[in-house]
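Per TrEMBL, the features are:
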{"type": "BINDING", "residues": "79, 148", "note": "Fe-coproporphyrin III binding site"}
{"type": "BINDING", "residues": "211, 309", "note": "Fe(2+) binding site"}
{"type": "REGION", "residues": "1-24", "note": "region 'Disordered'"}
Ligand SMILES: CC1=C(CCC(=O)O)c2cc3nc(cc4[nH]c(cc5[nH]c(cc1n2)c(C)c5CCC(=O)O)c(CCC(=O)O)c4C)C(CCC(=O)O)=C3C
Ligand SMILES: [Fe+2]
């Protein structure tokens, strides 16, 4: 899909919507989709080089990296994340084909092979120069939005393709109904089983888990001129998604309408002196017996697939914490390649190609639909400030 209009790299949006947020205002003839993943190691020898990539530019010594490496070492040095993104790519391709949309999908990662630079080079070699990126990260924050945009800018620079290839990015999709819906059935089943087994509704709780981030990154997440409270857009989006999921869980099974839930954080890193979002999931689990909670469903709403942060921090550490506290715990599903989620991704692609107006876009919470193009100052990194970005307005 190449035409004369799409050959010049331009900013494909203007701040002209009802909410003042920048939405795409003209339909675009994209040449291809760029599936942008985090990346993960696929063998013991990959682990330290992968961790060096993740922490690039921060001079963290290998001894410190080896401490994080043991999560990966425990599973043979293999994160399932790349296999999951291969599957997601195939599923997106199949859904595009089923809808008669003729767009190639290029897949590249921020931190491990296949790298974003390879994907972008592959696209350029095929003459596909106007790309629409889908990053496997639903919420607003430096780590989950802006860092992907910085990496796009970095690889365009490194490959010398800046000015030849341009990359737009699909809006943060935390509150897309397809994303929300994909969490619902397994939570409802887990809670329903607890009740069937005689656990009282008051002794049952849902812990919605997401990646902790530095509180300063959280405060700076999302656009600067809107106040989302102390956790910034990041925490506000997660709270809104959790509430929307619980609404649907209650419709799925009316017995579950009043089950209590809370948002907890996992996978904290960084020095103890730096505050990160709390409470930590394992700390909360320890406190729950005193609150007469005996069964929990843990729903990883911060992640789109069952990668290492889910396998280690939830399936290993949080489940152990629950065992130690005498609490029955079930970790519920991530979207993965669930057909509902995949259809939602292709809806987002179609929405952007057609420049659907915001009022006609699906939104599962009052915070959405999120906007297409980040404004200046969105999601600043507390540690590094602003670097060049693609898919938006600099800085
Ligand atoms: C918000 C967020 C998401 C969700 C959004 C998204 O999905 O993008 C996410 C995902 C992931 N984080 C992952 C892995 C890691 N994250 C790290 C470090 C960090 N994450 C952070 C935040 C996030 N991270 C932050 C603020 C840091 C510290 C500073 C830094 O280093 O930027 C480190 C370094 C070691 C350490 O410090 O623990 C590792 C190894 C993997 C891959 C898992 C696998 O391999 O299967 C995935 C999907
Ligand atoms: Fe992370």
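Here the Cβ of each residue, glycine as well, is placed from N, Cα and C on the backbone.
Taken residue by residue with DSSP, residue 79 (Fe-coproporphyrin III binding site) is part of neither helix nor strand, so it is coil. Ligand 1 lies under 6 Å from the Cβ of 79, 309, out of the binding-site residues 79, 148, 309. Taking the C-alpha positions, the distance from residue 148 (Fe-coproporphyrin III binding site) to residue 309 (Fe(2+) binding site) comes to 18 Å. With a 10 A radius on its CB, residue 309 (Fe(2+) binding site) counts 22 other CB atoms from all the protein chains. Counting Cβ atoms from all protein chains shown, residue 148 (Fe-coproporphyrin III binding site) has 25 others lying within 10 Å of its own Cβ. Under the three-state DSSP scheme, residue 211 (Fe(2+) binding site) falls in the strand class. Residue density at residue 79 (Fe-coproporphyrin III binding site): 25 other Cβ atoms are found within 10 A of its Cβ, drawing on all protein chains shown.
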